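Copied from TrEMBL, the annotated features are:
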type     : residues : note
DOMAIN   : 568-741  : domain 'Metallo-beta-lactamase'
TRANSMEM : 38-57    : transmembrane segment
TRANSMEM : 63-80    : transmembrane segment
TRANSMEM : 92-111   : transmembrane segment
TRANSMEM : 280-302  : transmembrane segment
TRANSMEM : 308-325  : transmembrane segment
TRANSMEM : 372-390  : transmembrane segment
TRANSMEM : 411-436  : transmembrane segment
TRANSMEM : 442-461  : transmembrane segment
TRANSMEM : 468-487  : transmembrane segment
TRANSMEM : 507-526  : transmembrane segment
TRANSMEM : 533-554  : transmembrane segment
Amino acid sequence: MSSDLSTVTNDGSVGLASAGHVFQLRPSRRMPRAPSRLDARLLLPAVVCWAVAAIGLGWPPSAKWAVGGVAGAASTFCWWRGRPRHGRRSSAWLVAGLSAAAVALVCGAAAGADQLRRTGPIGTLATERAVATVAGVVVGEPLAIASGRAPDRYLVRVRLEQIAARGATTRVRAPVLVVADARWATLAWHDRFSAQVRLGPAEPADSVVAVARALGAPVVQHRAPWGFSWAEHPRAALRAAMSDLPKDAQGLVPGLVIGDTSRSPPDLTADMKATGLTHLSAVSGANVAITLGAIVPILRWIGVRRRWRPALLAIALCAFVIVARPEPSVLRASAMGAIGLLGMQGSRRVAGPPALAGAMVVLLVIDPWLARSLGFALSSLATLGLLVFVRPWSAWLRPRLPAPLRFAAEALVIPVAAQVMCAPVIVLMAGSVSVVGLPANLLVAPLVAPVTLGGIGVMLLGLVLPRAAALAAWIPGGPALLIAYVAHQGADQSWGSIPWPKSGVGAVSLALLSALLLLAGARLGFEVARRPLAAAGVAAVGAGFLVPTSTVTWPPSAWQFVACDVGQGDALVLRTGARSAVVVDVGPESRLIDRCLQRLGVATLDAVVLTHFHADHIDGLAGALSGRRVGQIVVGPIRDPAYGATAVERLAGARGIPVAVVRAGDHLGWGPVSADVLWPEREIHDGSIPNNASIVLDAWVGSLHLLLTGDIEREAGRAIAGTWRRSGAPAPVYDVYKAPHHGSANLDDGFFGVIRARVAVISVAKDNDYGHPSPRTLSMLASKGIPVQRTDIGGDIAVWRAGDRLLVARSRAP
């Protein structure tokens, strides 16, 4: 009996008849298509180039040229060594050659830019803090300083082209940051101006070569050319259309659409950061991808041929960049957004990683200072997450969703992919892993596109029909308010973050943990489904390790004094009742002091005492006042810095809270809390005027005795010690001594010599830039046998008396 034999090839089915005849069947339509594999080889050169640029920004130009030359020679050798043999080129030598070539390019660009920037006398003049008459071009939107400062202070990025000082006029090309008043707010992007300024040095390896303080109003020499000035019209149209909406919407929609964050409320900015939503408060690659992705179907609908679409998309992208301002952050977001859109298209997904690598190198060549930008790191990693995870994760999720929601699969996995990739960098910014970040991103994911596309529509409508645009502003404004609501609610959760080392070790450990979970995720999911009770037990044990045990019983029921952990600042709470207290200073961030008071259950503030007007003591005032009844605000008589004093007065006036001024000799009382004001007695011009003007309190909370010293320095300390000596009585023995100025060494030995206390409290941020607390201060406290409690180690510090015993508790284990 004869039979036909057949075999299947990649092209279809080929049959072999019993008679030996060969015939071909039609190609098989069921043959699965081989999945496209991502080509990640070019990412290594980009990462090497990025690392070298970040390390080498502080090098002198000669060192950069030398490294660039060595890298160029190494690249040539790698290309020669890896030349094709037997028709094939060695992949390893190719990657090494590209890495060296990228390093050579970036080092050469950085060295050239550095030499060009520092040409002329500006470095010397800045070091000597000289007064100069300058002329230049505005390269960045004037930015209002909103946090703890009066709103009439502005930062303006300019490129100086001429400088006249000490009898000489020199042509330069130097980026400079100008600190100015409201008269500079009228400058527009690319206006040419002249002004008189006092120059000062910038930080090493900063993107500007000097920081200048304006000494008067700028004189506009030429307004921006039409090609640049037209871009202000859509920006102004969007701001005007949003002006009648709540402040959160006024700030968020322009920020999301065109990168204009000038109207973003400080509380919203802080809460967006706390919940991992900060990427939404400004132009990001996701916004660009959404915008371009919305244009594609429009082009298809109006019949534009496929070959013309890339050119039209490029034109649209250029127009967007000009309207949003081609600053480094916008250029970065535009490049990453275009690549993200490319990578999410299945037919071109394979081209995503090479395009990302090329964009990273090109951006670093254009602006080498991006190498140290956390924004650049977040954009690059988020884009990589889109390229690697969005397609496979959405393909897995889509069939598991209800039919009406399957279209949203990609929108749901985009924030997850971005969050997973960006988490190690966010740890470096926040010092914690956000627990609410992932659910918050998932909740707002469907809202991002309506805000972005609706905002663009309102902006374009506002150019021709302003009144209609004001009505339509609710289309993006409504979703924006929902995003803000999620941010505020997420930030208010005390369990919303897990402390994590704010260091390179912490970032690397989190990256390794994330990689482990990604690699073992499928297996873990299988085991959880198979053994749910065991999985729940492991999760509970893990939560016990992650959440400090002391937070379960925090705060202690009998607490009398708490030093809140607010980072590099002071926020002290003196208990007056079950749900009331006096607060001495409010720290640098509204969110931090608000959370601390919520943990303590404080609903009423009998008083807020602000020892002086530096930002790390007053910037959290809005958070302290939020949702609480406040009796009064107490300040000192010396209004320095003036912008800090003005900001406090304006906020107090807006809330209808009376402001009282106290000085040495005054007595204060609020129920069980009483205090004598020991300082300020006069203004001291040596040292820091604001620090030496700090209110110093000799305070009692029931039987607990405290010395609260603000940020006094050696001059004020010497004066207080002199007063004690002249009284003839020894200084009291305090239960709590709040060390001045976060444990600074700038303290008078005579003052410290008379201090007697049972415990010292230092309010300080971990790994701060000031070296606080000083080893000298810690050594002196140890020599007097005074134990130290630090907020950077123990979190919130609570102190209370139980009879003769002094008890101390920390909100987290050291």
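In case you wondered, yes, glycine gets a Cβ from its N, Cα and C as well.
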Per Cβ pairs under 8 Å, the stretch of 92-111, 308-325, 372-390, 442-461, 468-487 packing most closely against the transmembrane segment (411-436): 372-390
Range from 38-57, 92-111, 308-325, 372-390, 468-487 with the greatest count of C-beta pairs under 8 A to the transmembrane segment (63-80): 92-111
Same-chain residue ranges lying at least 6 outside the transmembrane segment (38-57) that approach it to Cβ under 8 Å: 63-64, 67, 71, 91, 94-95, 98-99, 101-103, 105-107, 110, 205, 349-354, 356-358, 360-361, 364, 368-369, 371-372, 380, 384, 387-388
Sequence-remote partners of the transmembrane segment (92-111) [C-beta within less than 8 Å, at least six residues beyond its ends]: 41-42, 44-46, 48-49, 52-53, 56-57, 61-62, 64-65, 67-69, 71-72, 74-75, 78-79, 81-82, 361, 364-366, 368, 371
Mean predicted confidence [pLDDT] for the domain 'Metallo-beta-lactamase' (568-741): 90
